[in-house]
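Feature annotations, reproduced from TrEMBL:
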DOMAIN    30-96  domain 'HMA'
DOMAIN    118-184  domain 'HMA'
TRANSMEM  219-240  transmembrane segment
TRANSMEM  260-281  transmembrane segment
TRANSMEM  293-318  transmembrane segment
TRANSMEM  324-342  transmembrane segment
TRANSMEM  486-508  transmembrane segment
TRANSMEM  537-563  transmembrane segment
TRANSMEM  926-948  transmembrane segment
TRANSMEM  954-975  transmembrane segment
């Protein structure tokens, strides 16, 4: 139970929002949660936060549009809860106090200044590409007190670590809003009463659904302009013969020299610019003026405005007879809004793993009411349906067949089969009986049972998994950082390129470099109305259309989506297979190219449940003092029961079964401590008779009890006298030896005595040999790093086919061993290719009469460390990728960036294979997005005109721009077709 408690704490102790107050205000602080009706948009949220936040006595305020709640921390003397409610009411909203409670803050302590760090989450609206991410990141990191900012395009969230004494959540949100990105703080605090805001993952999913709806509305709104424009400009203006009555009527001049058709398309285009265009103008304006940067909206605004104004200038200067291409601006906006909608749909599918996990969280639970009697005995059977958010620790809950377990807990009555596939990926149900632990979100598939809640809401396993997956999807790999830097500089270069294209074609037209066929092809492909011949203005229009095509076709979105979309799908797949990748993209990137896998032995390569198979006790002391052996067994039983090591658990099991009286034998353990890599050490009280039987003076009252490794016992001056033939048999069998010794306190009063030894055996996992063989077949070097004796470690290694063994390694030495494996370097540069490169470099140096190049040092090897105990935590932290098995301790699971929830090492093979597949797709996405832009931008600029007399009209360029992002999204979504490799134990 101690281990389970510490594990739960390790997941839930990361406070996501912390505000620092003066000591004088601690006792006057209240946290009031209000329901606020009438909010319709982020502007309402911002107005409430700014107005209420400016009131005297308000320490912080967080308004959540999705839940229609506001959480206010305030001084109860300067601003009461009722005063806060009245202030919100006065703004035109309907507010009601849900709960108001004192803020439990600890008194100040030394070093408190360093602890005032807040991690605030924001939902960010309006981001469209990697340039937006780079802009927001640079703005936030420039704020005083901001230590780190992580902005995610795909989830539309920002995580900011800051000092709230220097900059608060309102300031951060305002900075993003001023730059054109509406930001809403997300409440990460959890309350057991259920009055807190919902989980940020649910908020993010709701925000994405809202974004999809808005994108769909904008696109369908654009059809109101695009369809009429298609009818008048394309069908009537270009498809109908000139003899058609409709064509003649619409081409009749009605105002000076302007035809009915020209006026109609002008009105449609103007209405589109004033409605649809305002969306792009507004975001472009805020990007340029407020944020002083450029994003995709700037390119779109420039392109559509150039097409609209260019058409007006052409028609006006030539009195209605010039080329007009009003339809270009309208179709561009319609196609781009279609692309935004399709992108929003695709983004939603990439986070379906998180959405499916969130949906597994039950909405309600059956609470068993006690009514003063013991419901466990069946005396009371009153069931009350409550919200799952209202479950409290210790609640007695009933889970009927077909229901999901509402919270983590322990079965107290009944027996049933539970489907834990959402946790481990294994479809086979697991039988749960009284005393068995159950996990919230798992499915009860057979009988009704009752349980006690041990972890609720954000402390539950499912909530922690959702949090881990969400955080993993926000961790950027190295390739993503490169893409973000490119995207930040992409738009200015594209604008410069478009200007160069325009000027170059103007010069070409003025010098006769534009052929008439090129102008005719531009007309026939759309984007121009009727041509009046080879007038000078035609060259300007031709140049302008090519420049617009460059502006429209260039898109940094594909580069920005290349990595996060694939990583989101990959981490979601991993979670489905029972693998939690806490390190996200960075961890998967490292795991995609691994050189060495190092395993701990006990609990990793073996089942972790050793058993005592033999023992030896010093009988001479028992002959001197009857009952001494029972007393010693009692001391060993108690001190080993305080250890989480599997060897200690095996010794306890053995003593309880072979010496049941030891559990009640008189003894006194004064103190104890666990020495990682050595064993348990304690202080016991000894009687004068016991001291004399041990050969010590009768004045000895206390002795140090040592239970652990042979080598450690010997270092303490105690000799383990096990018969030679017994020791040889143990050694040949690879058994692990645990010795027991007593040392007088102080040690100068007499020699230490080794009094007993236990021989333990741990069976290898059935799949371990096959896993090792498959790793070696992939060219990965396999090592065993164990704290056990060389004989025990080598015996297991021989059975599993492992050639490289480091035994008798202490915890701090394990991390040094991992470092040594890394510094040995990789063999990636070995072979014929490396030899060829070396010879080419030498040949070039000889031709240039330079000294031969120095031999390059081999790159560091990438090492995966697989462990399960506190002893492995330093090595897991040192390794490039630390992997903790699901049965491990909380320390190992907290340190390792990868958790294997299944009780099988095959998950390691799946993780390594999936990482390679995901990052091959990431590299493919980057290559495709880069080549797409490098090829399409010159084509849009008109580079193919001399060869094939054809180019790209702006409308077609807009479609290709959409295709670039959608193709990357489709590439990443195709990862969902990934199937876990079939594994067969041998």
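The backbone N, Cα and C atoms fix where each Cβ goes, glycine too.
Most Cβ pairs under 8 Å to the transmembrane segment (486-508), among the stretches 260-281, 926-948, 954-975, belong to 926-948.
Among residues of the same chain six or more beyond the transmembrane segment (260-281), those with a C-beta under 8 A of the stretch's C-beta atoms are 218, 221-222, 225, 228-229, 232-233, 236-237, 249-252, 254, 297, 300-301, 304-305, 308, 311-312, 315, 320, 324, 326-327, 329-330, 333-334, 337.
Secondary structure of the domain 'HMA' (118-184) per DSSP (helix as H, G, I; strand as E, B; remaining residues coil): 22 helix, 22 strand, 23 coil. Taken together, the residues in the domain 'HMA' (118-184) have a mean pLDDT of 83 on the 0 to 100 scale.
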